[in-house]
Structures are given as C-alpha cells and as structure tokens.
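Annotated features, as they stand in TrEMBL:
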REGION    20-69  region 'Disordered'
COMPBIAS  33-52  compositional bias 'Low complexity'
BINDING   Thr124, Asp198, Glu223, Lys253, Asp257  substrate binding site
DOMAIN    258-419  domain 'S-adenosyl-L-homocysteine hydrolase NAD binding'
BINDING   Gly289, Glu290, Val291, Gly292, Lys293, Gly294, Glu310, Asn413  NAD(+) binding site
Amino acid sequence: KYFKITTKLQIQFVEDKQEFSRFPTKTGRRSLSRSISQSSTDSYSSAASYTDSSDDETSPRDKTQVNSKGGTDFCVKNIKQAEFGRREIEIAEQDMSALISLRKRAQSEKPLAGAKIVGCTHITAQTAVLIETLVALGAQCRWTACNIYSTQNEVAAALTETGVAVFAWKGESEDDFWWCIDRCVTTEGWQPNMILDDGGDLTHWMYKKYPNVFKKIRGIVEESVTGVHRLYQLSKAGKLCVPAMNVNDSVTKQKFDNLYCCRESILDGLKRTTDVMFGGKQVVVCGYGEVGKGCCAALKALGAIVYVTEIDPICALQACMDGFRVVKLNEVIRLVDIIITCTGNKNVVTRDQLDRMKNGSIVCNMGHSNTEIDVASLRTPELTWERVRSQVDHVIWPDGKRVILLAEGRLLNLSCSTVPTFVLSITATTQALALIELYNAPEGRYKQDVYLLPKKMDEYVASLHLATFDAHLTELSDEQAKYLGLNKNGPFKPNYYRYKPRS
C-alpha cells in the first residue's frame, strides 16, 4: 500500500530470559557475565563511545542524578559527560546536512506540534541529530536503546541535558533493557501517540503490556528487517490496531544504509577487532541481500575468496553473476577463515558447524538480531571463553582449537566499529518524513495495516543529499516528459522498479 504526501509541511515534493554463569577465564582476568536473549535486545555496542561500561560498575538505576535544569526524569550512565556528548553530536551534524536542512525548512511550521514520540533505537550521535530534529519540529520525545550495547553514554547525557527523557546506557542487563522501555512508555501526565522503533521490541512491549495505550497510537515507524517482519505478523493475524510505516523497504534505506554502509563498515569492524589481512582469506557470507552484497563487494575488492550461501534462487543467481560461488555452509565449513552472517534468521551457524571450523577462524554477524549464530550452545563447561579485547572472545575447545567470536554474535559494525554518518542521515531523514506524514494524515487515510514509502518520498530524500556531492540533476524538457509519460518533477520510476546495485 502506498500513500500520498499531503502534510502541513510545505516542501517541494507536494504534488524468556536466562542468565549466564561466569565463564572460565585465565587467572587474573576478570570473569565475564552476560545475558542470553533470543530477541534483538541483546545486540551491539558502540566502539566510538567515550566511556566503557566497565568504568563504573554502579548501575545507573541505583544513582540519583540531576541535569543542569534540575530535571531527574532520565536514567543514563553519567550526566557529567554531556559536554563531550554535545561535541560528538556537533561533529555528526556536519555530515548530516540534509537532515539539518529539513529541520530548518520545517521548523517554523512545527509539523510535529503535539506529537509525543517514544523511540527505541540506537542512541548514537547520529540518532541524536534525528531526535533533536523531531524536537525542533514540535515533538516531545522519550527515548531508549533498542540494544543493550548500542548506547554512546556521552550522547545519552547530552540529550538528557536538552530535556529529552533518555533511559539507556551501554552495558545494560536484559532486565535493565525492559525496565528502560517501560519507563519511557509510562510516566505520569504523558502518554505517547507515535512510535519510532528499531527491531520491534518497543512496539511489542506496548502491544502486550499496555494495550489501551497502544490503541491510541497514531502511527508506528519501523526501520529494521526484524521489526518490519514482526509488524507484518501482527497485521496478518489481525492484531495490528494502528497504521505502521515500513521504512526498511524504502529504496533510500535498503540501497544506502543496508548496502553502502555495510560495504564500508564490515571491513572497519573486522580490522579493528582482529587486524586480519583479507587478501587470500576464504570467507563465507551467509545471505546475499543488500547487506550481504555490500559485504561481498568489499571483501572481494581486497582479495578475499568469497563464498555465498542463499535460500533464494534469485539472490543466488545474482551472486553467481557477480562472480561468487554459491555453496551450502557444510561444504566449506572446514576450509573458511571467516564466517559472516547477514540473513535475519536464526541458527544459521550451528554448534555442530562451529565444532568443525578450523583453528583461528573468525565468526561474526551483520544482521540486526543476535540469533544467527548459535552462541548459547557455546556456553558449556567444556569450552573456555577468553576475552582478549573489547567485544572479542576466543572460544577454546578441549583440544586447544580457538574460534574468534566477535561481539558475542551481535551486530558487528556498531559493536566493534562505527557506521558512516552520511548514510545514517539518509535513513534519519526518511524516518522524520514518515513520522510527519503519519502524524498529520487525516483520519481514515491509513487503515490498521503496514504501509510502504512512496517513490516520491525516496526521491526527495535522495535529492536533499545530492548537494553534498555538488551533483546537478538533468531536467526533462516538456517534450521528453511527455514522451516518457512522466511528470517533470517525478516520480521517475514506477513503484515496482528495482535499483540494481553495483557489486
């Protein structure tokens, strides 16, 4: 289903929970404790964060903190880090000019006045620019992290200083995670009417625990494969009682965030954690969607021998035509040096396959959820876990074999490195526009279903970012537009058009 963009904003395109015991470690090493989660809750950390979660073992829930305005409606690691976080946000703004441009164009009209947005995303400097844009457009915001290791503590503190109620810190337990979501949803005198989600945990928490509040939501914007899948499940079962916007399947999200972002960040994450040289290494990439395509292109360019596993014959044929050999994982499991999962599925790499990998192999995940690698099966007495770097564990078998597990199976690029700010600007701009549209839509325009973004919005988001490259679009003449049957101002492609990426 598609929608028209007819907001007040006058812009140019108007036409079960389980706890680990402590792992065996070498003498002198501090034991590690982690929680298992089969949802997207247990995911990545930010390598760019100023402070590590181990700097202060006191839980933020046990602290009493006050910001400079006397506010206490927040829970972050250390409010005193706000100044440093503000500098991080200012740096991010320099490469998010399109989102800042949208903020300036719409700020006077306040298209989100009255909107009470509860958000559950990764709290990074780039996300902070989005949150502050929503506030500038008139919204009130309360925010939490969609993954227990994704928060930049100093950025959370900076947002709190501006009056945004943030409940998140790097290194939350799973109990902390759900507590933070609950605190965002429930507070005296404030009831959300919009949701911005990444992974679907916030949406499902409200749906299950606060159904009366959920029914009053005017719209949901979801940006991840996992979250969109969960929305479609609710819709199919007839249980989705509010309209939702699928941002993940917009062209500007899939082809830029998923493809180009991962093409750069996969190498960054692997290099920072392992110092591996890619030339000549045998790598298997599980999944040849947009994320898989980006990973394969980057690894191939540096001389790696890349295999692909796929369930979809169309994606498999694309991989073949791009020069990759499509195999079953069991066919190459004893040969490969690196396994990268990016399917969005569960148990893509099993314990039996991990047992057969060679010494020194690297295993990591580039999908949203931490379910792709069967990490839980490695929490057994016969295997020793040795933490060698932040987010880098050696899992040691009884015969001395070591497998290098990155980020405990969580999303590699935000666990062990960073992602390009410019790409996040594209996604954030799309999210902001989707929120504006849903909030301002007249009653009845959207049913209780999941909607896709129109081509016109994708093209507008792309056009805002062209100025960064000093790119100049060619304009159709009246005769050319008539010949093609197009409006001179777009959209220029039909909704069914697929933009083929270069591998």
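Every residue number used here counts from 1 along the chain in the order it is shown.
Here the Cβ of each residue, glycine as well, is placed from N, Cα and C on the backbone.
Nobody curates TrEMBL annotations by hand; they come from automatic prediction.
Taking the domain 'S-adenosyl-L-homocysteine hydrolase NAD binding' (258-419) as a whole, pLDDT averages 94 in the prediction. Spatial neighbours are here defined as Cα atoms within 10 angstroms of one another, and by that definition the neighbours of Asp257 (substrate binding site) among the binding-site residues Gly289, Glu290, Val291, Glu310 are Glu290, Val291. Neighbour list (Val291 (NAD(+) binding site), Cβ cut-off 8 Å, at least 6 residues apart, same chain): Asn258, Leu259, Cys262, Cys342, Met366, Gly367. Cα spacing between Lys253 (substrate binding site) and Glu290 (NAD(+) binding site): 10 Å, rounded to the nearest whole number. Between the CA atoms of Gly294 (NAD(+) binding site) and Glu223 (substrate binding site) there is a gap of 18 Å, rounded to the nearest whole number. Glu290 (NAD(+) binding site) and Glu223 (substrate binding site) have their C-alpha atoms 14 Å apart, to the nearest angstrom. Of the recorded residues, Lys293 (NAD(+) binding site) and Thr124 (substrate binding site) place their C-alpha atoms 25 Å from one another. Taking the C-alpha atom of Thr124 (substrate binding site) as reference, the shortest distance to any of the binding-site residues Gly289, Gly292, Glu310, Asn413 belongs to Asn413.
Considering only the binding-site residues Gly292, Glu310, Asn413, Asp198 (substrate binding site) has Asn413 as its nearest partner by CA-CA distance. Taking CA atoms as the reference points, Glu310 (NAD(+) binding site) and Glu223 (substrate binding site) are 23 Å apart.
Around Gly292 (NAD(+) binding site), the C-beta neighbours below 8 angstroms that are at least 6 residues distant in the chain are Val285, Cys286, Val308, Cys315, Cys342, Thr343, Met366. The substrate site in the record is lined by Thr124, Asp198, Glu223, Lys253, Asp257, and its two most distant CA atoms lie 18 Å apart.
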